[in-house]
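*Asks:* Feature annotation from Swiss-Prot assigns ATP binding site to 10, 11, 12, 13, 14, 15, 16, 17; the stated evidence is sequence analysis.
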């Protein structure tokens, strides 16, 4: 079986870190142990600097980051990560487990910011070509639940401080995109933790077994 790229998506507070741990545990039980982990934005020296610029409220002083500048920084970080980390890992037979990928931009910037979706799709195709994750786990949680969890963790970044309306639009776009793409599996992350973990295990196990079929 060739290596695969699995991405975990969701709003702030959806439980992506816990989900990643469950995915890793499940893959190991299935005999898959050669894995690397990525996060977006970030994952390379350049991408981490861009992450700081786009998420750290203090990084640009009083200057307002425009919506299009934000999108372009996300894509600059993403293509650097894809070309220098993700693709080489996959080519070497290593599975890649990612905390966010392009679906985040389509949801946050396309839904939350209201940026033209055709423009975003065109930009994605120009930058990434046909490169896509093999499996995406979208952890669906309401902004009320997710932001309560995120705020309990401590200081919020620039995007985490957006309004409930912003996150409601983002969630709606996530759900819309998930309904259109069979590679995106929606997990109800408002359930008790054990139920969420079981759903992730079942989804990943069944998906890997289908690859072997």
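Yeah, the Cβs are placed from backbone N, Cα and C, and that goes for glycine too.
How buried are the listed features, and what sits near them?
*Replies:* Around residue 11 (ATP binding site), a 10 Å sphere centred on its CB holds 28 further CB atoms from the protein chains shown. According to DSSP, residue 11 (ATP binding site) sits in a coil region rather than a helix or strand.
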*Asks:* Quick check: with 10, 11, 12, 13, 14, 15, 16, 17 left out, which same-chain residues have Cβ atoms within 8 Å of the centroid of the ATP site Cβ atoms?
*Replies:* 19, 139, 141, 146, 149, 150, 189
